[in-house]
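All remarks here apply to the structure that follows.
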Amino acid sequence: MQAPTDSPETVDLLITGIGELATPLGDVAVAGSALGRISVRRGVAIACSKGRIVAVGPESELRRSYAAMEELSAEGGLVIPGLVDSHTHPVFADTRESEFEARVAGKSYVQIAAEGGGIRSSLRGVRESSVEDLTLGLLGRLDRFLALGTTTLEAKTGYGLTVADELKGLDAIHAADRSHAVDLIATCLGGHDVPPEFEGRKEAWIDVVVNELWPAAQGRAAFADVFTESHVFGLADSRRMMEAARELGFGIRMHVDQLTSLGGAELAAELGAASADHLEHVSERGMRALAESGVQPVLCPMVPLFLRETQEAPARAMVEAGCAPALSTDFNPGSCYCMSLFEVMSWAALRYGFSAAEALTAATLNAAATLRLAEDRGTIEPGKRADLVLTDLPNYHHLTYELGRPPVRAVVKNGAVVFQPSALPRHF
């Protein structure tokens, strides 16, 4: 008499036909020389159930072990973790293409800001918009992020700069998060600029941020942020705002050393920030401070290109110093109107000298780590959230090699197929 065999376990989704699977591994940020160590496998399948990855292994074995409610073929393409964008400004009403034209004609970021452009030019639109209007605009942008493989997005406010309008921005983020496949992590950027009503009274605005905005944003934002530059908020200003936010339980994110070498990286390291972002003008001392403190750099390689600046963040030096960098788009209406982390990975290779493996880690696991989510997502491993991007690329080297074309064949979020080019999202 033949012994009974175990019945296959039922799972929600089985991804087959994978030409190559490329992923970093682990649940902490990867630093230094380990940045480029990824797992590359062929002939494997991925089983997903209840929003999680159940198993990754040889396709023949998974077919025997699992009965899938749905099967999705990767059609021989590359599969990577869902991309994580750890620095964006997606809540706004109006675009600023006129500023782009002004930069092309030779004006600098600081000149445009001094003439009433820049961050302040976005204030009126946000202030005049309803939560519903801001949410609708955000949903449309999220459709495009999703189509480009982004499954988790850090979303900043910062274009309202009153307590009510900053909270309105947070409300729009939460409304979009409830209805869209992309997960949004809210950051209150009350330290983005000094609003025009407080011209010449910067300390008074800082008082509002510390005493009114941060307390009101508790429970609505995971992080607080500040733009640390000499023409906006200096080191003492930034310290006061960030220490107050930290005392209220916010994680700290900081725009630092983007336009000048002010010492913002050192301050971020001292404060134990979740991330220190931009860093085009970071000093060697600042790099060492970040590495020693474990504060992660979030690098935005498309921004100098968009601003027509020549100074790039010294990314390779940061890696050699022992930092664990993340890559981001810094999508915003003024200084970088780019939603594609695929483009960012290519630019990181061309300008920073990142290998394809380093760029992939920086746009997935390390980016998730800056959001305190590395235990949950950013890799393709059993137990992790089933956020996956199926591409038509033949191998992971093409992540940085190929420019200018979205390679996404399908996006899986929480174990469900949420995007395929033949079935565009509702808000696209």
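Cβ atoms here come from the backbone N, Cα and C positions, even for glycine.
Contacts of His87 (Zn(2+) binding site) defined by a Cβ separation under 8 A and a same-chain sequence distance of 6+ are given as Glu154, Lys156, Arg253, Ser275, Asp277, Val298, Cys300, Ser328, Thr329, Asp330, in order along the sequence. In the three-state DSSP scheme, His87 (Zn(2+) binding site) falls into the coil class. Among the features that TrEMBL reports, Zn(2+) binding site is placed at His87, His89, His255, Asp330.
Annotation note: His255 (Zn(2+) binding site) sits in a strand segment as assigned by DSSP. For His255 (Zn(2+) binding site), the count of additional Cβ atoms within 10 Å of its Cβ stands at 30 [all protein chains shown]. The Fe(3+) binding site annotation in TrEMBL covers His87, His89, His255, Asp330.
Counting only same-chain residues six or more apart in sequence, the Cβ atoms lying under 8 angstroms from the Cβ of Arg96 (4-imidazolone-5-propanoate binding site) belong to Gly117, Ser121, Ser122, Pro333, Gly334. Annotated 4-imidazolone-5-propanoate binding site per TrEMBL: Arg96, Tyr159, His192, Gln258, Ser335, in sequence order.
According to TrEMBL, the N-formimidoyl-L-glutamate binding site annotation covers Tyr159, Asn332, Gly334. Remark: Tyr159 (4-imidazolone-5-propanoate binding site) has His89, Val91, Phe92, Ala93, Ile119, Ser122, Leu123, Gly125, Val126, Gly169, His192 as non-local neighbours, by Cβ distance under 8 Å and separation of at least 6 in sequence. Following the DSSP three-state reduction, the secondary structure of Tyr159 (4-imidazolone-5-propanoate binding site) is coil.
Annotation source TrEMBL lists domain 'Amidohydrolase-related' at 239-418.
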Determine which residues of this chain, when His87, His89, His255, Asp330 are set aside, have a Cβ within 8 Å of the centroid of the Zn(2+) site's Cβ atoms, and list them as they appear in the sequence.
Thr88, Lys156, Asp277, His278, Val298, Cys300, Ser328, Phe331, Asn332, Cys336
Which same-chain residues, if any, lie at least 6 apart from Ser335 (4-imidazolone-5-propanoate binding site) yet have Cβ under 8 Å of it:
Tyr109, Val303, Phe306, Leu307
Listed 4-imidazolone-5-propanoate-binding residues Arg96, Tyr159, His192, Gln258, Ser335 - what's their greatest C-alpha to C-alpha distance in Å?
20
Which chain-mates of Gln258 (4-imidazolone-5-propanoate binding site) that are at least 6 residues away have a CB under 8 A from its CB, listed by sequence?
Glu229, Asp277, His278, Leu279, Glu280, His281, Val303
Cα-Cα, whole number of Å: His255 (Zn(2+) binding site) versus Asn332 (N-formimidoyl-L-glutamate binding site)?
14
Let me know the model's mean pLDDT on the domain 'Amidohydrolase-related' (239-418).
98
